[in-house]
Amino acid sequence: MAPNATTKKRAAAKDDDFVLTLSDDENDVLENGVEEDTLSSSKKRKRDAAEAPKGKNKKQKQLKKSKKGESAAGAVSDDQSGEEDEAEAMDAGEDDGALDSEFEFDVGGNANTGVIEGFDGWEARNGAGPADAPKNGDKKAVDIDDIISRRKAKKEAELKKKQQKEKKRREEEGEEESEDEDADSDGGMSVDFQDDELLAADGFGMGADGADESGDDVENDSNDSDDADEKGSEDEESDDDAAASDNDSVATPVHHPDDEAASDEESEAESEVDAEEAEKRKAFFAPEEKSTAASTSNRSFQDFNLSRPILRGLASVNFTTPTPIQQKTIPVALLGKDIVGSAVTGSGKTAAFVVPILERLLFRPRKVPTSRVAILMPTRELAVQCYNVATKLATHTDITFCQLVGGFSLREQENILKKRPDVIIATPGRFIDHMRNSPSFTVDTLEILVLDEADRMLEDGFADELNEILTTIPQSRQTMLFSATMTDSVDKLIRVGLNRPVRLMVDSKKNTSMNLTQEFVRLRPGREDKRLGYLLYLCNEIYTGRVIVFFRQKREAHRVRIVFGLLGLKAAELHGSMSQEQRIKSVENFREGKVAFLLATDLASRGLDIKGVETVINYEAPQSHEIYLHRVGRTARAGRSGRACTIAAEPDRKIVKSAVKAGKAQGAKIVSRVVDPAVADEWAAKAKGLEDEIEEVLQEEKLEKQMAQAEMQVTKGENMIKHEAEIMSRPKRTWFETERDKRAARKLGATELNGPSKKDKVKLSNKDKKRLDDARQRHEGNIGWKKGKADREAPKQGKNKGSKNKSDKKNNIKMKGKK
């Protein structure tokens, strides 16, 4: 007992000698901490308050380190806070993973923001993850607008300098010459006025023609919209004009002989296939329930018996009434059945499969984190959009998400995969990359597989990648396939491994939205080269904002982007040659209204949901009617109205015919837009006058890309020197295909979108390259031409004698050799 008493006395003496010195700020911190401790009554408040004293204790420790003996006091406070944290952790463990009704998980960061008005899947991303900031290393994007603005500034400076010189020269001439000569100099200035008058007259004529044309178009549209079902009356009205023979409708009732022959062949082929295919479908698909059709009318999300967090998530994005595809899909998906679903574009197919997935995941075991769902998309933009929609709907749950798409950091995605997120949203290529090369990613636990835009995923371009995924993931899974143009081919669907799937075809006839007006502008034979003039007229005079223009080729989209920039039209481009950061920036700029036109390839034709798209213009008709439906489906979504305008030439006759036929059967509005050929020729001439400047911009862009590539190579070399050991220790990433197989797959994918190429591209030999280079140099410089036949037959007299002597000598040498 004596030693204990002595130690207590010593400790008391030390405490008496120790004097606490606290500043005014630290007193305030302590008082606030006491008030927060008294307010924490529930478990949630205790958890929130537990983090605040920790931070304040750390701050106190940093401020007290300079004082003697303060470390001991800091240690005591840390021990006390540690004991409180352990006690709270034990209290939290008593729930055994159950959800508290008062507890709110805020994964997306918008739990308390209320209803999100006009949510379109491209809202600002608040949650952490790869969607926030794409990691592309040190790649520098080349901005076309910067190049064009620099060139304009340079031209303006040169013009200003030239004008100053001209003004100075005129002033000098005015001092030296007489008044008559001054009058002559004024006459010389009239040339500039004439030039200005020419420009003004040109602009005035254009404005007058455009106004008249727009008025005619409005009248034509109104007449056509009133009589959309009877196209013949439109043609009779247009015949009254003098130029009606050149500008009549594409949807003319006079059938082309090739069209009639093709339709007969197609009908015979369809009748033969239908019988066999019907038997296959009857054996493959599960029988449809007839009772569901009557019960799906006037239902709400509450009728599906969804959990409260899911209903709150739906209300937060202003989803109140389920669409027809959602009414059919959600009850069947909750039962765990395989689904093949189809509906028109903009009908809510994403929510149709996300909602039942979230509902099923709410009842998952929580002790061990496990990835249970994989959603595969054909494009990066669609995957990013689906990720945003899913995180918004799951705001009030504890379900975690991960997106695996190209263009983002592999390391960050691997770190997220280590946490085993519940739902993985990916493109096939990056999914296979992580499946083969990320040790923390396992697919053995997947229970649900979703293929969005499934008909595109089943095409030849994705066939090898899809087979690699399907043979790796478990066979005992729920599989759901969705698309606006879903295929019924049993042979293709068998590859996915479906087990008696349920067909949910809300739109089995591949129709467009009823609020969509389809327009067609016909190019007569021989006017295909004026296509750009028609596009510029439409974008300058008719459709001036919120327009998506679709192209078949990336090269054409990029070139038209430069033309738009030179003509002062604000536009952005979207295609596969851009980096992921550029692609997301283009979509965001268009969504926010910073640019009026989005020039895109078929990369953006599927699934992209941007609010307020008023018009879709097809620069060329697509390869198939299915692609046409996806393109025009970017507008007139979710009950809104929109227009689709297609510039069609003779090669596009088949697609236009099928679109008009489907539209008439549906009762959709089909309009023929008449454009004055003279106006289109003027715009085409303007575009042709910019060809030299376009080539200069392309050359400057090429040089900037080469500079950026060189800088990247230098940075790569520096990193190899600095971090050689770490880089060489990494395992080499593998792929299931060779480079030759990759090229073949890309070729098949291009063929699906653009049709077979007219001639196969073959790598040129060095001899062929040299021959082509020589021909190009001769053509450009008019040098190095060989003598023609006339020059060889009529040479000069002196050269003729010399040639005879040389020939005689050669003959003599030959004769001597024979002797």
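Glycine is treated like the rest: Cβ placed from N, Cα and C.
Per Swiss-Prot, the listed range annotated as motif 'DEAD box' is 452-455 (candidates: 396-399, 452-455, 472-475, 516-519).
Between the listed ranges 299-327, 415-443, Swiss-Prot ties the annotation motif 'Q motif' to 299-327. Tertiary proximity for the motif 'DEAD box' (452-455) is limited to same-chain residues at least six positions away from its ends with a CB under 8 Å from its CB atoms, namely 340, 349-350, 353, 375-378, 382, 386, 481-483, 485-487, 496, 606-607, 626.
Remote same-chain partners of the compositional bias 'Basic and acidic residues' (732-742), defined as residues 6 or more beyond its termini with a Cβ less than 8 Å from a stretch Cβ, comprise 432-433, 436-437, 464, 468. In the motif 'Q motif' (299-327), the DSSP tally of helix, strand and coil residues is 17 helix, 0 strand, 12 coil. In the predicted model, the motif 'DEAD box' (452-455) shows an average pLDDT of 87. Taking a C-beta cut-off of under 8 Å and a sequence gap of six or more, THR345 (ATP binding site) has these contacts in its own chain: ALA484, THR512, SER513, LEU629, HIS630, VAL632, GLY633, ARG634, ARG637. LYS349 (ATP binding site) falls within a helix when secondary structure is assigned with DSSP.
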